[in-house]
Amino acid sequence: MFHLLLENEEIQFSNSFAQFYLQVDEAKKIFDEIDDDEYDKIQDQRKNDDFIVDDDGYGYRDHGGEIWERDDHPEDGGKKKKKSSMYVFSFSPKFIAQPLFLQPNEQSITAFMKPKSTINRPGAVTNSSAQIKQKPKVSAEQSKDIMNNLFQELDSKDVDELQDVNNSAVVTELNKPIAFNQNDMLTSKYAVTLETRQEVEQKRVTEQIQAQAQIGQNQQSSNPFSKKRKFEEISTNQNANASDSKRVSNQTNDNLNKVETQVISMLKVANPQIKVTSKLARMDDSMKIDQTSAQKNQIEQTVNHSKLQRYNQNQMMSGIKLDNRTSKPIRNLEIWNQVLANTQEFPLPLNENGTLSFYWIDAHEENNGTDLYIFGKIYQPQMRQFVSCSMKVNGMQRELYALPKMRGKARGALTVEEEKQQVRAVMMELDDIRKKRFPQISKWRCKPVNRKYAFEMPIQHGEHQFLKIKYDSTMPPLPSTIQGNTFECIFGSTQSMLELFILKRKIRGPCWMTIKNPTKVTDFKKTWCRQGIVIDNPKNVEVTLEDLNKQELPPLTSLTFSFKTTRAQQNTNEIAMISCLINTNIAQEGPSQVERTQSFTLLRKLDGKPMPYDFDQKVKQRKENIIQKFENERQMIEAFIAKVFIVDPDLVVAHNLCGGMFDLLLARIQYLKVNHWSRIGRLKKTQIPNKKLDFGGSSYGGSQWIPRQVTCGRLLVDTFLSAKELVRETSYDLTYLAKVQLKKDRQDFDDELLPTLYITSERLFSLIDHTEKDAYLTIQLMNHLAIIPLTLQLTNIAGNLWFRSLQNARAERNEMLLLHEFKKKKFILPDKKAPFAKDFKRNMFADEFEELKSGKGPKKGGKRKKAAYAGGLVIEPKAGFYDNIILLLDFNSLYPSIIQEYNLCFTTVNRRPTKNFDGSEVKSQFKAAGTDANEGNEVEEADLPDKNVNVKDAVLPNVLRDLVQKRKAVKEKMKNEKDAVKLSQLEIRQKAIKLTANSMYGCLGFGSSRFHAQAIAALITKTGRDTLLRTKDIAENKLGFNVVYGDTDSIMINTGTNQLQQSLEMGKRPQGLKLIALYKCLEIEIDGVFKSLLLLKKKKYAALKYEGFGTPDAKVVQEVKGLDMVRRDWCPLSKNVGNFVLNQILSGKQREDVVLNLNEYLSDIGEKMKNNGITLDQFIITKQLTKAISEYSDIKGQPHVAVAQRLKNQGKSESDLVNNFIPYVIGAQPFDPSKTNPALAGKAYHPEEVVSSKGKILLDIEWYITMQVLPPITRLIEHIDGIDVEFVAQCLGVDPKKYKYHSSEKKTGETNNDDGTLIQNPILQTETERSLKGRTIAELTIKCPHCSESYHFPGIFQDGKNNTLSGLLCIKCTQPIPEAYIQNRVTLFLKQLLTLYYQGNKQCQEPACGAVSRQLLYNNKCINLACKLKNDTRYTEQKTNDTLRYLQGLFNVKKYIQENQKNGCVHKTVEEVPNFDAFARMQGKVDDIMIRSKYNKVDLSSIFNFMKLGKQQ
């Protein structure tokens, strides 16, 4: 028998040799076939060869063995493999020299590193070559004894165990279901129930007994490796002839290559740290063939079984079918490249009059406006298709306007001669400044013009005279802060040439243009477009309005791609795979056929590791897409860029493209120094931009974003950003959007698991399919949301750049729309202020702009900036569960309607200037002392303009009015349109108009907008609040509705009925005369119908909503707003229980049935939790490690950090932990046994620690119940009668007494009538008083001195016969209670009340926690580090005041009389009330405290103090 030892460093050599061997012709001899005697002679010759000169027999020697014989590493089980002395073949007579300098009586280092069984005995001489020569040969009998001993050692394990050395780890990995994300991996790995220590110990004893019973029952007769098979039984096979040896050798190597190499390579790819040692015994022909075939069959069966198991368990993309895609490529990319390369030789397709029809898509300026490029498409008749074309515009000129400085007279009061002299003085001063300070500006032209102004600088609104200056754009612009003696400031110095070009040529979005006198570019092209032209004058560009406007818009080419990334050893993200879909027929005005796509996938090896052995073969069998494999990342990215250039897409589409994908691609391009990287865009560049902002130029829309600089000429479509603008969802990741919008399932993917998917071809193909389907879902989402046609319509309305509409730059859209309108009316336009790096972030415009809808300020430094003015009104909700229909009435575009209703515009609202001439902010004289400069400004309240004012110059209302009329016209067309395609186009257009109109208000309050007018924005929101309050008053007092909630522009009313049609009729009543008589432009209508509603707090509710109400196809769906049920710091069990409780509450069942179902379900959950009936994965909590472990100041209160610290101590790299989610569970025992009261972090464990502890670590079930299960349930049942926290706690099996306090707080002053039937109609009967009593800190309790009955003091009350009774009588024994005792109780009650208030205790919002403290922590965090919620003031000013008012109500006899008169009860005078004097004296005590309180007082002198100061001035 011969052993071939394959160590880690030799596996690649073996694999490469096997490939080399397969390529050699069989006629050539690779091996020398010799017998044992000849081989022994060769070994002796090697040992005798003294190949180191003059070393005196020391140091270097050759043992005569082969390279694969070194067995310095232990095998599995800690045993060393014995060296065989018999060999069959040799690669080549290479010498393996081992350096060692030996001192006398010392052994060699080789002997030191060898196993003990192979080290020479102390008596043996090892350093003399002469003695090595005299080594005696081993006899045949001794060889037999040695081989028998070897077999006995090898057969100590069964054959299956020997095979496990090679493939057990692989089979274990393959049998696992494919997990694309960490949650799936945790679920599949830890879906096991935990065992107690006793169960583990009992199981261990049982296994030992069974193991002992199986000793001696091995199937040795059928085992070819049985230890009973002696050396004699196989000795005859060793004397086989040369042909037999050759046949055995070939079969052995073939099996080795096919089986062992596959297993070992997969192991190394799965885990590079696995130490693989393969062992193959050379046997006779039949035995060897049987063994290897059996091993191979076993592996194949195991793998096939695992594949079947995997595909059954893992439906990763159910519902997605790519069958409609063309199986054949649309075009061969190489042929396509050759054809398109010839387009440069084609002439320009000029019209008969010599003009060129050019459809423009994008534009870009370089070098501070010197170079202006327009990108678009032209029709190439030779190719019968549209090709890309670039146009460079020369001859642009800057336009500046200088405002003359007034001296002595007001503007408009000068004579014509004085105006001429004033303008001449400005001209001379500016020309002098040009010559001295700006010699680069060689010449310019000037002339006086009349322009209007209506913005925020201290310039009187109206028409004034300006000096207009024009000069070539190749000269530098003047600074915006320049001022002189004769002029105040200069407008237009920061305006980009692209913006000026769009405004001057009146270009509103992508359209056909007629180009006059175009010149084709043949040499030194600056772009990657197929064609290029140059024009010398911007006036040669005209928007086509008539003939060509009827021409259909050219189709666009899109390239949709998706990445898979991996983490490199240097802790950097690398791209491992790119899948792309190509579509050459994207429609601009309607839906596109996304099924006709060509796909290709590029992938590379991971860190040089081999691919699966059969991957190339299976790639050839796949015909539906193109898969290309590369050796490294650079080759793959270069191929990707090359294909982008060949395809030349107009649209580059991806999900979350702007959120990191493109940044990663550019980072890898820069790091790997990829060639021709600028082909990603259409403008040739040599240096990769490395700054987020381009401060060097006045680029369009301010500074530029890096991906924009790289991809100019192509449009970036990020479905993540577009979805945020077009749909309102709780999440915008691809998985959620695919499920909600496309009704298709997708599995999340974690990059950490990517190496495990490179093990086999099946797994790798599943990863390829996942990546390709991500791209397919992305383009489907783009088509489903109509992103292309919708953003095109938005761009055509606003007149901005298309790429900015795709980036959700709503503020910029509004800017451009207003710029077009004000430019048309000859207004001086406000300058664009340069943004700062800290303000320029991805989606900056969208984020800040969105916040202005609710009156919130933009984010600053990661925190919300305090609102400079009040936002929308939120009516206090009447929290509770409503099981009848709730109507949601909503104003149609409230803020735009207010602008039209009151004619609000820059030109009509009188306000103070907010900017100086140098652009700095004017310090507000209304700002309170000590107020921060950036926060808390008191905005001047402007007055509504007179409605009778001329509205011709009111630009903003006219723009909105025009948009509303256009939308109405489109809706009218939709009613009569029967063509589905045209109907879809009209729907997209009316939606675009609506989005534009609704966002116009935002530019007024957006601080970075050029049209920022805070006073107008504050006036609009104030009017909106007044409108909502007036609507609520009409609904309640005139229409008799019960308004339960209101927010900004909508109210919820309780219809009190369960009939849908009846509730809809009620919803039409507010649309009647009541509101129409008040407003002309404001309209209110039904926006939603809720079958049932669980209203908890502001902006937090859950409901069953009628979808498509008013139609026969109406259905009920569940809608949840603001209820955070998917936080990662809740374990899956908590989420499941919370969802079940919510579904039961909204189910519509009877209250008794709901309580019964909850009791049964929660009791079952509690029982399973205590009896280990729930799998471990349901208890796992995950939380992200956002920074390095050392940066966390306190680890005790952060369990995930403590677990990460232990993982790091166990050898896991910190780079693999940071920014990843750490899973953990909470155990019942502390991690450090020396701690008696450990923090939560001391009880946190990684799930693997729990599984490997064998029952030593148990979960803290009580903690999970109190901190994970109870809190979400408590918030849901807080306002539901019949269900309280005590009930839930009892169901879950915990002590309900702990939650008695929270349950009592929930009750709203219910009175116990079991013993006293006298309390029938207490005085606190109105809804206000009942809510007041429920908001009190405590109620006045007294104890009867006669019968010792304790009860809440009722004050003045009536019996059932309307007889007024005094509260000074005991409700049980009816004995009088002394007045002095009542007064003493009132005094003590007031003292305790004020003491509680001034203590200022803070209490945690979490009922299960309830921690109370007087400490003030950052951000009001709970003092309990294990808790996640915040503290609230326990006894607030409002509660204290409500309690005092409650006491007043107990003793206020006059109010009692008034209430009785309202209710039609018996009229009594004050004197007729029993114990009137006593009640008056006790009320006086309360009144004294109320008078000293300033909570319910308004200091008018401080409010109107500014008027007093104004008079003094």
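Every residue gets a Cβ built from N, Cα and C, even glycine.
Copied from Swiss-Prot, the annotated features are:
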- Cys1344, Cys1347, Cys1370, Cys1373: Zn(2+) 1 binding site (BINDING)
- Cys1404, Cys1409, Cys1422, Cys1427: Zn(2+) 2 binding site (BINDING)
- 235-254: region 'Disordered' (REGION)
- 1404-1427: motif 'CysB motif' (MOTIF)
- 1344-1373: zinc finger (ZN_FING)
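Here the features listed in Swiss-Prot are painted onto the structure.
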| residue | record | CB count, 10 Å |
| --- | --- | --- |
| Cys1344 | Zn(2+) 1 binding site | 19 |
| Cys1347 | Zn(2+) 1 binding site | 12 |
| Cys1370 | Zn(2+) 1 binding site | 21 |
| Cys1373 | Zn(2+) 1 binding site | 12 |
| Cys1404 | Zn(2+) 2 binding site | 23 |
| Cys1409 | Zn(2+) 2 binding site | 19 |
| Cys1422 | Zn(2+) 2 binding site | 22 |
| Cys1427 | Zn(2+) 2 binding site | 21 |
Minimum Cα separation from Cys1427 (Zn(2+) 2 binding site), reported as the residue among binding-site residues Cys1344, Cys1347, Cys1370, Cys1373 that achieves it: Cys1344
Cys1422 (Zn(2+) 2 binding site) versus binding-site residues Cys1344, Cys1347, Cys1370, Cys1373 - nearest by Cα: Cys1344
Rounded Cα separation (Å) that holds between Cys1370 (Zn(2+) 1 binding site) and Cys1404 (Zn(2+) 2 binding site): 38
Cys1409 (Zn(2+) 2 binding site) to Cys1344 (Zn(2+) 1 binding site): how many Å between their Cα atoms? 36
DSSP says Cys1404 (Zn(2+) 2 binding site), in three-state terms, is strand
Spatial separation of Cys1347 (Zn(2+) 1 binding site) from Cys1404 (Zn(2+) 2 binding site) - C-alpha basis, Å: 39
If you take the centroid of the Cβ atoms of Cys1344, Cys1347, Cys1370, Cys1373, the listed Zn(2+) 1 site, which other residues of that chain have their Cβ within 8 Å of it? Pro1345, His1346, Ser1348, Glu1349, Ile1371, Lys1372, Thr1374, Gln1375, Ile1377
